[in-house]
């Protein structure tokens with residue numbers, strides 16, 4: 001069942017999402033060659049606490065860290081470690097915060113140091129996919145309007161859209177209905193209604209959409225070893241259109 005939020009509840013959701021946004025504003029200053037993914041994770045964990053939020057990721061279904069940090073061919077759920085990030089890496093940082101009983105969730109891709117033009121293009125197209133999807137999150141539309149816009153834009157540039165990792169509703173639980181892939185047909189799918197709150201989080205691959213899971217049971221990689229980028233926002237559907245709760 002999709003839980004519709006009242007305008008008051010959407011207001012109550014904003015602080016969690018804005019703590020997420022503030023984490024990105026601050027951690028961006030640290031992301032450069034030579035830092036470890038664990039150092040990035042620990043900074044974010046401290047900043048969440050400083051702002052009065054609660055981290056939720058560590059311990060969720062056994063996940064061992066406060067953030068997911070995924071590099072290059074790792075699509076999602078990368079586990080922070082002593083791995084040093086290098087010049088040219090493509091890093092994805094996914095942050096979840098709980099505040100006041102509500103959740104916020106977002107992901108940003110970062111270019112570390114000097115990156116190749118083809119990596120810049122992948123990041124640009126992925127961000128455009130997110131923006132195109134958000135623009136279609138309006139009352140009376142269909143979920144397929146969002147997903148088809150993402151799929152068409154990615155595939156027009158020769159990329160693929162990950163199928164096996166899903167976007168989701170969000171509110172008092174991190175994962176609510178609807179859950180959905182970022183592929184589809186315009187005019188199809190559930191009807192979008194004012195008060196729906198969910199993530200839009202396209203994962204766009206250079207090559208195949210297929211992924212594999214490492215032995216740690218978390219780390220998701222592209223099956224062909226090519227790069228993957230991701231951007232994500234928590235959005236609410238309002239009478240005035242989409243409201244990006246995790247906007248920075």
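Just so it is clear, glycine is given a Cβ too, placed from its N, Cα and C backbone atoms.
Given the structure is predicted, the values throughout are model-derived calculations rather than measurements.
Copied from TrEMBL, the annotated features are:
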{"type": "DOMAIN", "residues": "11-238", "note": "domain 'Peptidase M24'"}
{"type": "BINDING", "residues": "77, 175", "note": "substrate binding site"}
{"type": "BINDING", "residues": "94, 105, 232", "note": "divalent metal cation 1 binding site"}
{"type": "BINDING", "residues": "105, 168, 201, 232", "note": "divalent metal cation 2 binding site"}
Remark   = Close to residue 94 (divalent metal cation 1 binding site), taking Cα pairs within 10 Å and only the binding-site residues 77, 168, 175, are 77
Ask   = Which one is it: of the binding-site residues 77, 105, 175, 232, whose Cα lies the shortest distance from the Cα of residue 201 (divalent metal cation 2 binding site)?
value = 232
Message = Please report the three-state DSSP label of residue 94 (divalent metal cation 1 binding site).
response = strand
Inquiry  = Quick check on the binding-site residues: of 94, 105, 201, 232, whose CB has the lowest count of neighbouring CB atoms inside 10 Å?
reply    = 94
Query = Which of the listed binding-site residues (77, 175) has the least company, meaning the fewest other Cβ atoms within 10 Å of its Cβ?
reply = 175
Request  = Can you grab the distance from residue 77 (substrate binding site) over to residue 105 (divalent metal cation 1 binding site)? Cα atoms, rounded to a whole Å.
outcome  = 13
Inquiry  = I want the residues beyond 105, 168, 201, 232 whose C-beta is within 8 angstroms of the mean position of the divalent metal cation 2 site's C-beta atoms, in chain order.
reply    = 94, 106, 107, 167, 170, 198, 199, 200, 233, 234
